[in-house]
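Take a look at the structure set out below.
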């Protein structure tokens with residue numbers, strides 16, 4: 001008995017020793033993980049702050065392009081490279097100046113895309129490059145902006161043609177991002193048995209958006225189609241009204257059943273695009289009730305211009321950080337040291353945004369320079385926005401009916417598999 005009690009005591013002592021060593025090991029692991037978590041949190045905040053620095057850079061480049069277009073030749077009459085800009089420097093100011101600044105912005109963000117597109121972890125060298133090294137990136141930015149002013153005009157003209165395509169791609173990606181956001185909004189505010197209050201908010205919000213859309217349609221008829229001779233504007237507004245009715249009917253269909261919220265938000269967005277397109281018609285258009293004022297630079301034009309630049313930057317920024325809308329797998333689990341947004345996609349969107357703002361500043365016209373303090377004005381701009389509106393409505397309606405169209409195929413596939421299984425049974 002004494003031997004058995006002695007062995008039991010020894011076993012108990014060894015168990016206590018093992019448990020104490022395990023607890024010490026767990027404490028060491030926790031202690032070693034705490035600095036890592038702190039480091040991950042600091043790096044994550046640093047990368048998130050970097051987005052706003054890039055947005056500020058993009059905004060400053062937009063202002064630089066405007067200054068080169070409107071005042072560059074008068075303020076900087078002799079500051080140009082004669083072989084690239086011509087004797088009078090006309091090939092480095094106005095439209096060509098905007099394209100040169102745009103090319104420099106594209107070069108900078110495309111280089112950032114090439115150096116960060118494979119980044120997945122916060123502590124990778126490319127992640128630190130994205131979030132830091134601002135002095136070196138400032139030098140890279142200045143060189144990228146200056147180099148295009150030494151390139152021949154023919155090369156810049158070719159870039160302008162390519163920029164039209166890049167700007168179109170940017171608009172398409174922006175549309176997808178906006179529609180995904182509308183879908184997210186609808187899913188989070190849709191009526192739910194567990195969230196009774198959201199039903200009221202969804203109904204109230206959808207009513208507000210539909211009332212705003214109807215008011216927008218009526219206002220456009222009044223201001224931009226005052227007489228039957230304004231047939232093109234009447235067509236634009238009427239077709240927009242038809243799109244609103246079709247989107248609402250499809251959203252309320254029993255097989256779709258998406259409610260009024262998403263279609264109401266989309267209706268307001270489509271009406272806004274139509275209004276923006278009609279506003280882009282030439283200033284001397286006879287169907288506009290408000291007539292252009294003599295001279296340039298009145299406070300309304302300046303305010304509208306600054307708001308437009310802010311909208312360009314916000315559209316580029318919001319699309320750039322929305323890489324999830326373009327992922328095939330959206331259920332991936334994020335680890336502690338994973339990056340919170342796709343750096344490569346972010347910089348690619350900004351490089352396309354450089355092409356987009358160039359097209360807005362020159363009104364999609366590579367030959368004639370735009371008026372001072374104007375942005376995205378002309379028949380080309382009008383038709384680009386109208387087509388953009390139609391694309392937006394088409395993509396939204398396809399996203400509504402896509403699950404219904406694909407459902408019979410899934411059912412037929414399951415039935416065929418079941419028949420094969422039944423035929424193989426003895």
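Each residue's number is its place along the chain shown, starting with 1.
Glycine residues also receive a Cβ, built from the backbone N, Cα and C atoms like all the rest.
These come from TrEMBL:
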TRANSMEM  52-69  transmembrane segment
TRANSMEM  98-119  transmembrane segment
TRANSMEM  131-151  transmembrane segment
TRANSMEM  163-186  transmembrane segment
TRANSMEM  198-222  transmembrane segment
TRANSMEM  234-252  transmembrane segment
TRANSMEM  259-278  transmembrane segment
TRANSMEM  298-321  transmembrane segment
TRANSMEM  341-362  transmembrane segment
TRANSMEM  382-401  transmembrane segment
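Sequence-remote contacts of a segment are chain residues at least 6 beyond its ends whose Cβ falls under 8 Å from one of its Cβ atoms, and for the transmembrane segment (341-362) they are 47, 51, 54, 58, 61-62, 65-66, 69, 95, 98-99, 101-103, 105-106, 109-110, 112-113, 116-119, 126-127, 130, 160, 162-164, 166-167, 169-171, 173, 308, 312, 315-316, 319-321, 323, 326, 369-370, 375-376, 381, 384. Sequence-distant residue pairs (6 or more apart) of the transmembrane segment (163-186) and the transmembrane segment (234-252) include fewer than 3 whose Cβ atoms are under 8 Å, leaving the two stretches without contact.
Sequence-distant residue pairs (6 or more apart) of the transmembrane segment (198-222) and the transmembrane segment (98-119) include fewer than 3 whose Cβ atoms are under 8 Å, leaving the two stretches without contact.
Between the transmembrane segment (382-401) and the listed ranges 52-69, 131-151, 234-252, the one holding the most Cβ pairs under 8 Å is 234-252. Residues 75, 92-95, 97-98, 100-102, 104-105, 109, 134, 141, 145, 305, 309-310, 312-313, 316-317, 346-347, 350, 353-354, 357-358, 361-362, 369-370 of the same chain sit 6 or more residues outside the transmembrane segment (52-69) yet have a Cβ under 8 Å from a Cβ within it.
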